[in-house]
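The region 'Disordered' annotation in TrEMBL covers 38-88. Annotation source TrEMBL lists compositional bias 'Acidic residues' at 75-84. Annotation source TrEMBL lists transmembrane segment at 108-128, 134-151, 191-211, 217-247, 259-280, 292-311, 323-343, 355-372, 416-433, 445-465, 486-509. What TrEMBL lists as domain 'SLC41A/MgtE integral membrane' is 145-278, 359-501.
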Amino acid sequence: MCLWQKNSPRLTMVDLGAKTETVSLQNGYRQETSHIEGRRHMDRTSRSSVTLSDCGDGGYSETEPMLAERRLSGEEAEEDDKVEGEEGHISAVQNLPKESPLAMALQILVPFLLAGFGTVSAGMVLDIVQHWEAFQYITEIFILVPALLGLKGNLEMTLASRLSTAVNVGKMDSPIEKWNLIIGNLALKQVQATVVGFLAAVAAVVLGWIPEGKFQMSHAVLLCSSSVATAFIASLLQGIIMVGVIVGSKKTGINPDNVATPIAASFGDLITLAILAWISQGLYKCLDSYPYVSSLVCAFFMCLTPLWMVISSKHPASRTLLYSGWEPVITAMVISSIGGLILDKTVSDPNLAGIVVYTPVINGIGGNLVAIQSSRISTHLHFHCAPGEVPDEAKGCYYPCRTFCGTGANHRSAQVLLLLVVPGHLIFLYTIHLMKSGHTTLTPIFMSVYLAAAMLQVLLLLCIADQMVHSMWRSGKDPDSFSIPYLTALGDLLGTALLALSFHFLWLIGDQDSDVGD
């Protein structure tokens, strides 16, 4: 069944307890007889469909397969097979459409470039604001940058992945359930954004000041206020945009798995970084004359948290994650903060100041590409496997060739995503050069080292995603909610570390620019 092809006839899915229809399919499927479909529907609805009333009773679990109604027990499957054999008909099986590599690349290309230009803009903004007073006198703000920019992976991309899977399996066909999913997930995201923003500020204080024995309460409160306010405002804006993208993709017949996660990141970095810079600078200017402003800002956004918790707990789609979804986002925040510490130490070296403009680019591109792959693998597992079961090719010991060598849809997407790295980064590097941003000349050796670091980052991330998503599914966790935060945080850490090593290597071999640090 092709859920996003405009002109294909629509197969009405078992819509969470709603009645099903038997329709004639013209894309290679045969029509089921009405009595077989009727009996199957009654069996499945009584056995495993998830209704809104069930959800209200707390029976819904985020890790349950979204297509549980299509699986039968062994005896029931055998009985149905016999009936089908007698009637001479084959039941219609829900399958993802087969996308050619070209079609896949074209769908991914536009949002990928859009997301890339968003990260380029964020890099240019960071290159400018690094000279602002707040960033120069409170350098620990740089530790906040990867953690807050990583919220798009922790929250926005996770939301995009969950809603993309929900669209593809028909869970957003019902208006009531669609808005339950949207409102519950948006409220959950605001709770997580506020808490993660606060914890990111604490991590910045611990990583930045404690090792050096320095601590200033006014600066710590400013960090906390800036982080919480930025996380809250940016998450709300991006969440609304994300919902619009998912709903728009569904209406226009585009596979949201290919476009939602990159678009989630397209303006995410720019919006988040601009808000962080504006709030930090504003609070810094008020520090001497109105020192209580920072405390009031932090208290205001923290006091809104119980309200979002109440709203989130009333919706079954987010109730489970409100209690169990903290591990990935908090762990991802800690990983990103370590990347922020690397950035802080690198930026403090005037010889390596040029790294700033490229950090959001390499981190953002790596996170965007691996998020697409993670979302696609997760959707594939929701369609074809019960929780705890993985395809045959994912069993046994992992080896890197498994990710890229093969003819399956996930193999082709990994190949396409890896092939996008070099041309994509070349476009973004020349965009930065033409905009006369940054402090590094595009020499051939610089470009070679930079592209090698970018390729290694994405190669490692795609391999890790393959293993991680299947492992989480095998352990009963929904990869849509758990994998992307880890992967994007690892993308931030790998990207920042590899970029820092690249700049150190270039400095050591003598590829130095006279304008570095200007």
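Each residue, glycine too, has its Cβ placed from N, Cα and C.
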Could you give me three numbers for the domain 'SLC41A/MgtE integral membrane' (359-501), the DSSP helix, strand and coil residue counts?
112 helix, 0 strand, 31 coil
Excluding the flanking five residues on each side, which residues at least 6 beyond the ends of the transmembrane segment (134-151) place their CB within less than 8 Å of a CB in that stretch?
122, 126, 193, 196-197, 200-201, 203-205, 207-209, 219, 222-223, 226-227, 230-231, 234-235, 268-269, 272-273, 276-277, 280-281, 283-284, 332-333, 336-337, 339-341, 343-344, 347-348, 359-360, 363-364, 367, 488-489, 492-493, 496
According to DSSP, how is the domain 'SLC41A/MgtE integral membrane' (145-278) divided among helix, strand and coil residues?
118 helix, 0 strand, 16 coil
Relative to the transmembrane segment (323-343), which of 191-211, 217-247, 355-372, 416-433 accounts for the most Cβ pairs at distances under 8 Å?
191-211
Are there residues at least six beyond either end of the transmembrane segment (191-211) with Cβ under 8 Å to its Cβ atoms? List them, or say none.
139-141, 143-144, 147-148, 151, 154-155, 220, 223-224, 226-232, 234-236, 301-302, 304-305, 308-309, 312, 322, 325-326, 329-330, 333-334, 336-338, 340-341, 344
Let me check one thing: do the transmembrane segment (486-509) and the transmembrane segment (355-372) come into contact, meaning three or more Cβ pairs under 8 Å with sequence separation of at least 6?
yes
Grab the same-chain neighbours of the transmembrane segment (217-247) for me: Cβ-Cβ under 8 Å, and only residues 6 or more beyond its ends, written as numbers and ranges.
134, 138, 140-141, 144, 147-148, 151-152, 155-156, 159-160, 163-164, 167, 172, 182, 185-186, 189-190, 192-194, 196-198, 200-202, 204-205, 209, 256, 259-260, 263-264, 267-268, 271-272, 275-276, 279-280, 283-284, 287, 291, 294-295, 297-298, 301-302, 304
